[in-house]
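If you check TrEMBL, you get these features:
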| type | residues | note |
| --- | --- | --- |
| ACT_SITE | Glu286 | active site, 5-glutamyl coenzyme A thioester intermediate |
| BINDING | Asn376, Gly380, Lys400 | CoA binding site |
| DOMAIN | 7-212 | domain 'Acetyl-CoA hydrolase/transferase N-terminal' |
| DOMAIN | 318-459 | domain 'Acetyl-CoA hydrolase/transferase C-terminal' |
Amino acid sequence: MNQDFTVMTADEAARLISHGNMVAFSGFTPAGAPKALPEALARRAVALHRREQPFRIKLLTGASIGALADNQLAEADAVEWRAPYQTAPALRDKINRGEVNFVDLHLSEVAQMVNYGFFGPIDIAVIEASAVTPEGRVYLTSGIGNAPVYLQQARRVIIELNAYHSPRIREMSDIVSLGAPPLRTMVPIFHTLDRVGEGYVQIDPKKIVAVVHTHLPDQITEFGNENPLCLQIARNVERFLLKELHAKRIPAGFLPLQSGVGNINNAVLKVLGRNPDIPPFMMYSEVLQTSVIELLEQERIIGASASSLTVPPSVLEHIYQNMDFFSERVVLRPQEISNNPEIIRRLGVIALNVGLEFDIYGHANSTHVAGVNLMNGIGGSGDFERNAYLSIFMAPSIAKGGKISTIVPMCSHVDHSEHSVKVIITEHGVADLRGLSPIQRAEAIIGNCAHPLYRDYLYGYLARGKSGHIHHDLAHAFDLYQNLEQHGSMLV
Ligand code: 0RQ
């Protein structure tokens, strides 16, 4: 298999990476991300910094990587620039202190940006693989992410050959490249499970400068259990989708769902999966969590396309033991295909994502708390919400025990504009914004979604605002944030 390649320890391979290098990691979420090199890079940074030598890299990934890995690298002060998504508390703190430059990107767009050199050349890619052949065929693992483009564009490649993964994981991979404009052709995916590529990435084997052997699971822990709030939001989603189905605005065979990550999304899938009035459906998503695996086995989900299997090790092992069943029902794609606008629009995907806050006109903030501090990043939410058949956003109506309203007069930061957001759902109800003018949208959002504690304030703002097509009182549009900063609560 890899006799032709130089086998190294992770620490030896880390020495191939220099200060200032643009480094690219495989994977999507912790699934498929390298596991030994991040730790070794952190050790290298600490050792060099002790000798007062500089060592900070630029790091591109698929989405998040393991929080442990991102935290270790951040704590070792090993990263000066990071894109396109993260979920690690120590890294987040450094970004918000201005110590790491972070670039928040639509996940579907990263591959083409790299292909066209928007970020400069990639010095070295670190790629987790289940196998690599002397001819340069690289078989990926549980998360595909941007690994294909990183493998092709990087000047040098380090392979983490992880024996933890089943060699059969390759049966789920469907790797295809989009080509360069203006000669791009259509991606011929007409059904969720269509396969259009190969099970491996072909590269020049001479680029592989090291192979590091590992036997390590993905750093994935299960999300918490269902709680009453998540269940209430999920029931409102269920009620809305059933209404659409009965009105024939969703066809009788249903449409593929995309579901973000977290407790609300898990609750939604469980509730939809249990309802016999909702026909078995497909997932055209970016991440598959445990709830999807359970519903596949119950045949409530027929098939699933995504960029990663973001499931804890026990669930991944279960999948590996039942590959005859799962390999026919799951396709793992590069993120420029799992999140591809053309395909999302063609398949009529129903997008279900969680946001931090929404304003009364339907703009959504997914990324920056009070407009200032980064939470995680836009991730794939924009890829799906902008192009979906039905763009649904969900959130609890309040945060921090009611000190924060997630419905505000004017969003402090906008990731998704009123033109993309079609439906907002909280535990109180559903604001169906389709066909509504701005003032009608405001009335629907305040009346159906805002917490009762905040409704009078929001109606008052709407009435007080300078009237035009949209009503705003620019002198007071951000009063709730100022109250929060000065008094610890949005309502004084
Ligand atoms: O804080 O952890 O201190 O309690 O934000 O909020 O309600 O637990 O929800 O875990 O689903 O995360 C938008 C961040 C929601 C996520 C976001 C506080 C709240 C809590 C987390 P605590 P919840 P979730 C697929 C699609 C963007 C990327 C995306 C996200 C913490 O869904 O990152 O959609 N989305 N990707 O108390 C201040 C507010 C707040 C607030 C909530 N208005 N102001 N704090 N919180 N609302 C995945 C990929 O792309 C890979």
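Heads up, the Cβ atoms here are built off N, Cα and C, so glycines get one too.
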Which whole number of Å gives the largest C-alpha distance between any two of Asn376, Gly380, Lys400, the residues noted as binding CoA?
-> 26
Tally of helix, strand and coil residues over the domain 'Acetyl-CoA hydrolase/transferase C-terminal' (318-459) according to DSSP?
-> 48 helix, 36 strand, 58 coil
Candidates Glu286, Asn376 (recorded positions); min other-Cβ count within 10 Å returns Asn376
What is the average pLDDT across the domain 'Acetyl-CoA hydrolase/transferase C-terminal' (318-459)?
-> 98
Cβ atoms near Lys400 (CoA binding site) (within 10 Å, other residues, all chains) = 10
Asn376 (CoA binding site) to the residue listed as 'active site, 5-glutamyl coenzyme A thioester intermediate' - Cα separation in whole Å = 16
List the residues of the same chain that sit at least 6 positions away from Gly380 (CoA binding site) in sequence and have their Cβ under 8 Å from its Cβ, in sequence order, or write 'none'.
-> Ala63, His106, Leu107, Ser108, Gln258, Gly260, Glu286, Val287, Gln335, Ser338, Asn339
Using DSSP and three states only, what is the residue listed as 'active site, 5-glutamyl coenzyme A thioester intermediate'?
-> coil
